[in-house]
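Enquirer: TrEMBL lists these features:
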- 156-166: compositional bias 'Polar residues' (COMPBIAS)
- 150-173: region 'Disordered' (REGION)
- 7-25: transmembrane segment (TRANSMEM)
- 31-56: transmembrane segment (TRANSMEM)
- 68-89: transmembrane segment (TRANSMEM)
- 95-115: transmembrane segment (TRANSMEM)
- 203-228: transmembrane segment (TRANSMEM)
- 248-271: transmembrane segment (TRANSMEM)
- 292-313: transmembrane segment (TRANSMEM)
- 319-344: transmembrane segment (TRANSMEM)
- 351-374: transmembrane segment (TRANSMEM)
- 386-407: transmembrane segment (TRANSMEM)
C-alpha cells in the first residue's frame, strides 16, 4: 500500500523507542509489553527483506543475497551474546538495551539517508517467452467483467537467427538524490478495505501451496535448533566440569556463528553457481527445486552436529568437542535458511509477502513453544536422551526435502491456476 521504505522506517523507529523502554522498565508487565512491541517491529524484517531481494535481484543472484542476509541475522543471534557478557560485567545489564537503542538509531538514520524505494509499478506489456504474463486480464476475468484475452506470445530474441540490440526509448534519467531517498514509497491502488479482505491469504497459502508448508516447517525447525543451543549453553557450560563464566558462555557462540557463515556461503553463492551450471546442462531449463539439492548436505551434518553436541557434554568431553558439534548445527542453520527462502521466492515470486507472513507465523509459533519445552525436556530426559531425540527429529524433518525434490515441480504445476488467480486478484 505504501511501498518498502516507509515500512522500514516505521519498524526501525519503533525498535529504537522499545529499546529505550527496555533500558528503563521497572515492572514485569512493562517488560512483557515492550517484548511484544519488539516482536511486532522485528517481525517486519522477516517478510520485507525477502520482498526487497525479489525487487532488486535476478533469480541466479537471490541465493547469494539470502546468504548475506542469513549471515547478518546469524551475527545478530550469536555474536551479540559475546559483547553482552562484557557489557553486563562492566556497565550493568541495562546498558545492553541502551546499546541496542544506539545501534538501531544508527540503522534508522542510514535507512532515511541511504535507502531508496525498491517497489515499482509493473507495466502490463505483451510478454516474450520466459517473461511473466500480465495479471490485469486475469483480474478482469475473475471479477466477471471481461473474458480472458488470448495474449500472443512473441518469440524470445535469443531464438531468432539475428538479434537487434537497441530501442527507440531513451534510458530513464536518474532522479535527484532527494527524490530517490524520499520517505514516500510507491503506493499501490490497494485500499484499506481490500487489504483486510486479503489478510487471510497467508493462511490459505499454508494449506493450498505445498512449498509454503515445506518452507514453514523447515524454517521453524531451524529456529528451534537456535533456541536449543541458546537455552542449553548457559545451563550446561556454567555447570561442572566446564564452569564457564558469563563471558566464557558468550564466547561459545563463536562456533555456531562460524558454522553459519560457512553454511550461508554454501547455501548462497555456491547454490547460485550450482543452479546456473545445472541449468546450462539442461539446455537453459531452470526449476526452483534444483536449489533443494544443496539441502542434502545439512540433512546429514545438522543431526550429527546436534548428536555430537549433546553426547559430548553428557560424557564430559573437552569443551572443543561440543563446540565442533554446535558449529555443525550452525552450518545447517545457515545453509538451510539460505536455500529454502530463495526456493520459495523463485517458485512464487508474486506471493513472497503473503507466503512469508504465513511462514513467519508458523516459525514463531513453533519456536515459542520450543522455548518453553526445552527446559522440561532437558529435566525429563537428561542431556544424552534429549539430544538423541532432537537429532532424530531434525533428521526426520530435513528428510522431507527428498519428496520435494522429486515431486515439487508437479506440486507447482498443480497449484499454477490457483497462483495465477491469486496474483490476478492481488494486482487488480
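Along the chain as shown, residues are numbered 1 onward.
Using N, Cα and C of the backbone, Cβ positions are placed for all residues, glycine too.
What TrEMBL says about a protein is an automatic prediction, not a curated fact.
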Enquirer: How about the transmembrane segment (319-344) and the transmembrane segment (7-25): at least 3 CB pairs under 8 Å, pairs 6 or more apart in sequence, or not?
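Expert: They do not touch: fewer than three Cβ pairs between the two stretches lie under 8 Å.
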Enquirer: Hey, which bits of the same chain come close to the transmembrane segment (68-89), Cβ under 8 Å, at least six residues off its ends?
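Expert: That would be 49, 53, 95-96, 99, 226, 230, 245-251, 253-254, 256-257, 260-261, 263-264, 267-268, 330, 333-334, 337-338, 341.
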Enquirer: Against which stretches of its own chain does the transmembrane segment (31-56) lie, if we need a Cβ under 8 Å and a gap of at least six residues from its ends?
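Expert: 4, 7-8, 10-12, 14-15, 18-19, 21-22, 25, 62, 65-66, 69, 118-120, 341-342, 345, 349, 352-353, 356-357, 359-360, 363-364.
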Enquirer: Which one of these stretches, 203-228, 248-271, 292-313, 351-374, has the most C-beta pairs shorter than 8 Å to the transmembrane segment (386-407)?
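Expert: Answer, by Cβ pair count: 292-313.
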Enquirer: Which residues of the chain, 6 or more past the ends of the transmembrane segment (203-228), have a CB below 8 A from one of its CBs?
Expert: 77, 302, 306, 329, 332-333, 336-337, 340-341, 343-344, 347-348, 351, 354-355, 358-359, 361-363, 365-367, 370-371, 374, 390, 393-394, 397-398, 400-401, 404, 408, 411-412, 415, 418-419
Enquirer: Would you mind listing the long-range same-chain contacts of the transmembrane segment (351-374), meaning Cβ under 8 Å and 6+ residues beyond its ends?
Expert: 39, 43, 46-48, 50-51, 54, 198, 201-203, 205-206, 209, 211-212, 215-217, 219-221, 223-224, 226-228, 231-232, 344-345, 419, 422-423, 426
